[in-house]
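Copied over from TrEMBL:
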| type | residues | note |
| --- | --- | --- |
| DOMAIN | 72-163 | domain 'Ig-like' |
| DOMAIN | 172-273 | domain 'Ig-like' |
| DOMAIN | 287-382 | domain 'Fibronectin type-III' |
| DOMAIN | 415-509 | domain 'Fibronectin type-III' |
| DOMAIN | 516-608 | domain 'Fibronectin type-III' |
| DOMAIN | 614-712 | domain 'Fibronectin type-III' |
| DOMAIN | 719-815 | domain 'Fibronectin type-III' |
| DOMAIN | 807-900 | domain 'Ig-like' |
| DOMAIN | 1224-1319 | domain 'Ig-like' |
């Protein structure tokens, strides 16, 4: 209830108000008209006054000692969220407190260590705003999260719950529970830029429902892919395919296929590598990648990109950014000078238009290819873009109020707010601000002003055209100077007041280069990959990494990834098995590259050794009152190393209660059976087994069933043990086993083997038992899975089945080899087995009848690499049997060979020789040659044969015999087989074959005459025959129209036909030899049917054609022809020469003209030169060159170039030694770099330049200005350090220091000058010129 005082105060107030409005005579209302502008200004003054009062109150409050420190307080608490599985979530909060509190994140009251789990958690703290990011959430991330803030005044906590939901609720779909499996999976793939690549998997969904469509999703690096012009997706009903239409480095990454049904999902992932396209010129960098657009406004956008992995022959100097308006084909370069940072603000865009961007890298060798274009970006206001993305809104039903305003008076906009410097580099500074609150009904634009710190002069930057966007990039600022900035708004009513100026900003690079990554470790992974880990670079964020590999001794580094990766671990694929490799890593961010890390230790590319898989199928083999014998199967995967033994554990079972596991053996047992002693009778035991290899101990096997320890009273034998298969082929396999531990009441007399197909029944393989502990099973179906088991028998009967083995698929693995029997020329018999899948520690194990070889005197085993040979020392009938070879540490690589007597009274050696000599060997394969009169000879030579050897001559599968066209001969004394033809005609195109039969042995050799080669032989045969006829008194000229002209030999004629000769100076001569000519005999030269005169130019590409020479007089005429269309492609070249360049020496030779068919090899001391950044070769026009940068003593010696065009070759040699004239070229004094061509500098600054010098002996160094030598003094500081670096420093330059300078180096071998120009300008003069 209200108090009496409150009622009284309310009554007094009412009386006062009543008197105020009732005394009309004393109260006069004065109306004053104010303009809208004046009202706004008065309102602004009141706001400014209120703000100053508030700031003063806050300052006084802060100065109060009692309020300086206070406990943490959450002004914004984290909010609980619900996310889908696989997505990332971030918790945010804001904490106030003084001193600044320290925060920690907890999950279910367990501290989160973000550094130890960087792939899962990321924490950030900036300006009292704290965040925790949880990446790729799964069900285990569902928890209550707490953030704790602590300082000296106390502690405070805030809580938030995260719930992770699965996209696939586990309930049946259409009343059916689907099981999804992905088979025929795509593996690690390699492509090249510009190519097309397809990834696909076969998907099996059981049960099969017609027209059922699962959800097929593709991801790259965890990001969902959508169809686009670069990415095509297809689902055929049982196969999912992803096609990358035009590969770029942006497409490199980890690709994941996920098949979703409402019953579950299955997924598969593999990495795709994209190699760089070939560069246009040697040494230029490769294209940048990942071009993106950010912060787009009406006339402004920020373009970012990622630096490439390969910089080329020199470091990247910068990047050019190009833009293109959508719908146009014209690209415009945005920057005149290359920018070093991978980030650039592009201005001058036209509002409402769409643009795409691309980037090119440049170094000293040239410009790279363009990157893939960016996504389209529209130049428009961000608020308009947000409204467009939001889509149409509901109809507006509000009410619009209009206020009167003087239509002739506009509203001058207020001052922009929140002006800040968002980027500052030595190339540009970027400002951003918020539009003014007071801006009227029309849009506003902005003027940007700058002021040099220490002065009070404000200079407008964009005088000509105000900007529309609240972003602006300033260029051409003086590096090292400090500036203040402010912004004014403007519209048609005028220019508003300036914003608050920014703090002093120094022009320079704020983004530091990353430091070198930490120590790098290479770990073996597979036969073609290595895992590389490294320490992350310190103190710099947003880093990515490039990894490079080099084979030890090659000095050639190759990038492992062309798209930088995050984290500190990467799997390098595509390596060659057994290569000894070293690795290094470099970091990259927007500022550029770090230096390389230290090289890793050398790592051999081989499969890694890992812990074996657990043993399986623990069974009871025998039991007595106080002991039991248990057996088990060896691990399916040995982990790449031999199994060294097994450890057993047991536990006692009483009803449903089981005791703890106890060790049985302290020393590993090597067999797959073990006798467990000192057990209690009538007690139940369970057993488990662990395998051990070089890497460690495996997990325990699945516990066995509970076995009761009591006397076994059965009469039949126990089960066989140790079942395993060898020599698995598409139609057979060999099963091996060991005898049972318990034989029953009598010894074991044999074994039966049962087999069962996938969905079939058990059936016995043999009708009679076998006494062997192995059996070869034949007649299998390729691709079918089989299960096997063995029964042992004795006199009493057949025992129970063994543990089932399988399923085993009947298939022949690719690359499977068989044992080959060989008999050499000395009659030595041996068996050879090769294996291409050798692992570390693998060995060839030979056996006879599947038992270890005990008599080593019968065989000698020789093993070299992946090839093993078993040599019979003294072959006899004792050696008959089945020989097998198994390669350890492989996936069952094995083979066998059976030697039998075959019922013949022959020695084993003769049997083997008869088996081996089934193919007749040839000394040389069939060849063809032309003889006199154009006759054609086909011939070959047989190496070994008997007198009974017969030859069958075949042409195109038809047997030919001796007659008018063919003549055959077989000289058995030399083994030469010949067949002659008088001429080779067009109808003779096809395959000629000699079939040989010599007892059981056969042989065949063939020669195919088809295509251009055959036509060439035909023409040559016709020519030889025509020559022979002409020499007999008549000449036959075979023309294109096939007319025949007869010319008597007593007239002018050609003794030698027209041919060409190339001199060492690369001059080409056409020549022929004539006979029986007179002074009146005419000689006419014709090219392509047109007569030519003497004095024409030397041979070149344009001179290719058909040349003719004709002789004629009253006695007759003769003609010769030469086709220089192909002959012009000569491989002749000039002598090898050497000359000095700026960076070293260059060896070169000139060819008549260069084609891609020419094969060129450079040699030094008769060894092929391996190319590197220092030694490079190439071709420019018709010049072949070899460049050597900074040559040393090791570069002396004999150099040669081999040029081969497919039919002939030429070799040029140059001796580059200290005794010759080329020593000065190697040792001449040179300026090899470091100096610019032109230096422009402001008056009053200091100039420092350093040039790189080279020469042997160390050259003398001097500096000149306008051809006059400079001497060191207070103004000029001249230095020469380490014999390589010459520097000049000019203190406080003035206009008199402008001029032409040179760095002059000289030694006894020569002299060289590096020239440059210095231009000094005065800022005031430049400003006057602009005005």
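Using N, Cα and C of the backbone, Cβ positions are placed for all residues, glycine too.
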Sort out for me which stretch, of 72-163, 172-273, 287-382, 614-712, 1224-1319, has the most Cβ pairs below 8 angstroms to the domain 'Fibronectin type-III' (516-608). 287-382
DSSP assigns the residues of the domain 'Fibronectin type-III' (614-712) as 0 helix, 47 strand, 52 coil
Do you know the DSSP helix, strand and coil residue counts for the domain 'Fibronectin type-III' (719-815)? 0 helix, 47 strand, 50 coil
Which numbers of helix, strand and coil residues does DSSP report for the domain 'Ig-like' (172-273)? 3 helix, 59 strand, 40 coil
For the domain 'Fibronectin type-III' (719-815), what's the model's average pLDDT? 85
Counts by DSSP class (helix H/G/I, strand E/B, coil) across the domain 'Fibronectin type-III' (516-608): 0 helix, 42 strand, 51 coil
